[in-house]
Amino acid sequence: MDKLRMVLHENSGSADFRRCSAHLSSFTFAVVAVLSACLVTSSLGGKDKELRLTGGENKCSGRVEVKVQEEWGTVCNNGWDMDVVSVVCRQLGCPTAIKATGWANFSAGSGRIWMDHVSCRGNESALWDCKHDGWGKHNCTHQQDAGVTCSDGSDLEMGLVNGGNRCLGRIEVKFQGRWGTVCDDNFNINHASVVCKQLECGSAVSFSGSANFGEGSGPIWFDDLVCNGNESALWNCKHEGWGKHNCDHAEDAGVICLNGADLKLRVVDGVTECSGRLEVKFQGEWGTICDDGWDSDDAAVACKQLGCPTAVTAIGRVNASEGTGHIWLDSVSCHGHESALWQCRHHEWGKHYCNHDEDAGVTCSDGSDLELRLKGGGSHCAGTVEVEIQKLVGKVCDRSWGLKEADVVCRQLGCGSALKTSYQVYSKTKATNTWLFVSSCNGNETSLWDCKNWQWGGLSCDHYDEAKITCSAHRKPRLVGGDIPCSGRVEVQHGDTWGTVCDSDFSLEAASVLCRELQCGTVVSLLGGAHFGEGSGQIWAEEFQCEGHESHLSLCPVAPRPDGTCSHSRDVGVVCSRYTQIRLVNGKTPCEGRVELNILGSWGSLCNSHWDMEDAHVLCQQLKCGVALSIPGGAPFGKGSEQVWRHMFHCTGTEKHMGDCSVTALGASLCSSGQVASVICSGNQSQTLSPCNSSSSDPSSSIISEENGVACIGSGQLRLVDGGGRCAGRVEVYHEGSWGTICDDSWDLNDAHVVCKQLSCGWAINATGSAHFGEGTGPIWLDEINCNGKESHIWQCHSHGWGRHNCRHKEDAGVICSEFMSLRLISENSRETCAGRLEVFYNGAWGSVGRNSMSPATVGVVCRQLGCADRGDISPASSDKTVSRHMWVDNVQCPKGPDTLWQCPSSPWKKRLASPSEETWITCANKIRLQEGNTNCSGRVEIWYGGSWGTVCDDSWDLEDAQVVCRQLGCGSALEAGKEAAFGQGTGPIWLNEVKCKGNETSLWDCPARSWGHSDCGHKEDAAVTCSEIAKSRESLHATGRSSFVALAIFGVILLACLIAFLIWTQKRRQRQRLSVFSGGENSVHQIQYREMNSCLKADETDMLNPSGDHSEVQ
């Protein structure tokens, strides 16, 4: 029985021993397996792969071999084509792909076949970036080893022949020592551009086929070339392979480059050097241009090329004279920014579908003979639109005229934006025969001449349609409630509304301008306190800041009223002299002649019924002509015009101006013909008199018009809102005076593309719906938009019509365009937004920014743009060499002054893979700092917010608040919470007040406080702190963190290696102990078994008590 018990005990102990041993063995195997897998995966990561060519005649040809895991192998030719060869050649520094070879053309390799079914797009940077079956996976033998033939370009040449100079002619290419031609199949201007650029012959003017420059001989090297125009050499375009074609030499292609074309442009048969029929010199002969599609964009390019930068009109068959000879160009289509007419799209040279009765012409201007004005509206910012071109004056026809066009006029005249546009009623008997027709402005142009499709001249217009405008800067004054027309309460018209002016907002200089504008002479007195009675309605809340020399009140600067509100009891009034615009005419000198007055804009002779020497003496003094010598009768200086003023002056002779004399007109008798006042003054040779303004106005031009005003329109008609930049956001349209949204029904990339194009934001990356950028307000203007993508404006697309929809604002449409840009700093801590790798969002993707040329000024721009601080540091680059990320831009160099990174020069946008060592890593200064302290952990508390540094008010400031600041700055604990500007008074905003921290907050702005910037404190109450420690710089803290991480990683590897070694040693030791048992008896067996079981139990117990994984022995 005891023996049986011992056997059972023995078996039980053996089972426990085996279970414990198996547990340890499995763990050891798993660790080793994981480490091995990591090593294998790392070896396939890309850094240890190499590419070479073997068996070829030179370094740029041979069998393709790839080195993976320190072992060279070949590539199978399945799917092997020119796109793949392009990648191989470029990767090896032999940029031109010549031929794709297979079937062991360069002899069969040996060893591994690493890749099969390789498929490239052609733009990959390495062969292993292309798709393939997987490393070592294939279904071929070495008899299918792939090869390539590349070229570094040294053995390739190109030229143009048979054209008379090196920049035009038949294209010929030298390859393998033989010259050959290019087939014209699919040959276009893109191919010609590559050829001209490669030969340094300027831009491509034209291309030709059908052996236009004669048939060549020898090989035909290329056929069906596909170029995008950006390639550096013709052989870098996609093609089927050298020498592969289905042509003969009757299809040889040729090109004409700008430097070889001898192209010139001129105008003939015009009235000026900047107008007439257009003619182009091509291949030594002058010819004309057909007017098919001829518009203002084409004319703009032609005028600019001729040195007459403003296109007045594009002339077609109606006005241009007929030329002779060739018609060189037809269907010209320019964008308007081209520098030469032949850079625009057009048919091939000499191909046309018209006769000389359709010859195109232009009327251009150098700008000196163009004038725009508003007339008859009470100020220079309102009235009928008049245009003067080359001394010819005309009106603007109201046909197709709207608020967009009016807005351009107002802006061009410095009159703000358009408040309204209307038509002016005139009788047909006073009609003008000269008209300006404007068919399309977008509202953003700087001048009317920049609008599209405007024509000048002889087309008819209904004479009830003269365009009239009122601009926002229009201010028309009047005097109301006075005894005479030139005195009274000042009232000013803004748009259609009249209002009074507060006496504190109107100076003597402003009164002087008002009197001059009203043709009322000079100011006599300025009266406040509603001297001429209280007005009603609007009181304008603006101060007139005139200097006194302005001709109109609307030309004076205005500013918001500085003293708050005003009532009608303070309406200002003015008394003007009225009669100071007076002159002598028809005399032999400026100091003698017939007396004429200007009253309310009209000049007329003064009746002599009450004219005497006292009046004459004041006038001579006023005109600086000495004293009056005589007042001859009988109209010795002529009778003058029909207008004779009957006003009677009652001067005493002591007044300085005629306006100071008493004047009466009431009841004055009629003046008979010839009864006009005259005077001869003594003269004063030391002074001269400038002639008075002799202009007259036609009373009929002041006829009141019947106006159909409409709501103001802003300068923009389309915008993107709440997207973080001008090229992303909710789409909003301005229509009928209101901004509104677009419904997302049927909204797609074609629609979004039109929006992006219209806003000059590139192309559409995403067409968002469901109010992705938040719900808008106001009208929903458009629904079910269906664009084809070619429209220039979103409202040109098909839709239900303005305001017709079945949506709500939760369906507001939005877009993200390719030119939308954003900025961020990426760190391992997702909550850290002011330190990390610098990335920009562009063209729909995030990419890093290179560290080349990165300066503190650039870092400061980044930190300010992100709202982090006004400065920062360039952090050490990441040491991780296994990661490659896309980089967008490098060599950013910000000068002082830019607000955003987008304003700084850099290298061009170019997306490429970059290692972390090439990227920019930035640490912005903390949003909180201590100033004027004895250490960097004491001082006045300042916070970065809203783009500037500001202070914290000491109301409620205590040790808990200081504790948060010290912890946030890494300065230990707070020793003191300073008050009353303990470290001096700061400047700028006081950002926070009534801060009430508990003491455990992460940052000061996590504490309760008043709203940002709302404070009733002065800087004498600036808060401060004194902390217990001197803080390490943020950079050193990051360095310490990285060093700790590296040290911890090394320690972990060493510990793991020791553990594995210990486990292996333990297993071997137990095996030796088990062998010794067989010779040691039962007691030894039992002791070993119990010791093993006890060890397993203690290890398990230790694991449970030690969650950190510390496997130290428990005593």
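Each residue's number is its place along the chain shown, starting with 1.
Note: Cβ is positioned from N, Cα and C throughout, glycine not excepted.
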Just to confirm what the record says: which one of N444, N936 has N-linked glycosylation site annotated in Swiss-Prot? N936
Candidate set N105, N123, N684, residue annotated N-linked glycosylation site in Swiss-Prot: N105
Disulfide partner of C334 per Swiss-Prot: which of C344, C354? C344
N-linked glycosylation site according to Swiss-Prot, picked from N139, N693: N139
Looking at 74-77, 446-449, 746-749, 1090-1093, I want to know which stretch Swiss-Prot calls motif 'Internalization signal'. 1090-1093
Looking at Swiss-Prot, which one of C997, C1027 makes a disulfide with C1007? C997
I'd like to know the mean pLDDT over the domain 'SRCR 3' (265-365). 85
Closest to N139 (N-linked glycosylation site): which of the disulfide-bonded residues C227, C397, C620, C671, C953, going by Cα position? C227
Three-class DSSP secondary structure - C1027 (disulfide bond): strand
Relative to the Cα of N936 (N-linked glycosylation site), which of the disulfide-bonded residues C566, C607, C953, C1027 have a Cα no more than 10 Å away? C1027
One of the disulfide-bonded residues C237, C397, C566, C966 has its Cα closest to the Cα of C546 (disulfide bond), namely C566
Between the Cα atoms of C76 (disulfide bond) and C620 (disulfide bond), what distance do you get, rounded to the nearest Å? 111
Measure from the Cα of C227 (disulfide bond) to the Cα of every one of the disulfide-bonded residues C607, C671, C863, C953, then give the nearest. C863
Smallest Cα-Cα separation from C397 (disulfide bond) among the disulfide-bonded residues C502, C787, C966 is shown by C787
Per DSSP, what is the residue count of the domain 'SRCR 3' (265-365) in each of helix, strand and coil? 16 helix, 36 strand, 49 coil
Within the domain 'SRCR 1' (51-151), how many residues are helix, strand or coil going by DSSP? 16 helix, 37 strand, 48 coil
Could you state the CA-to-CA distance between C502 (disulfide bond) and C787 (disulfide bond) to the nearest Å? 54
In angstrom units, rounded to an integer, how far apart are the Cα atoms of C671 (disulfide bond) and C556 (disulfide bond)? 41
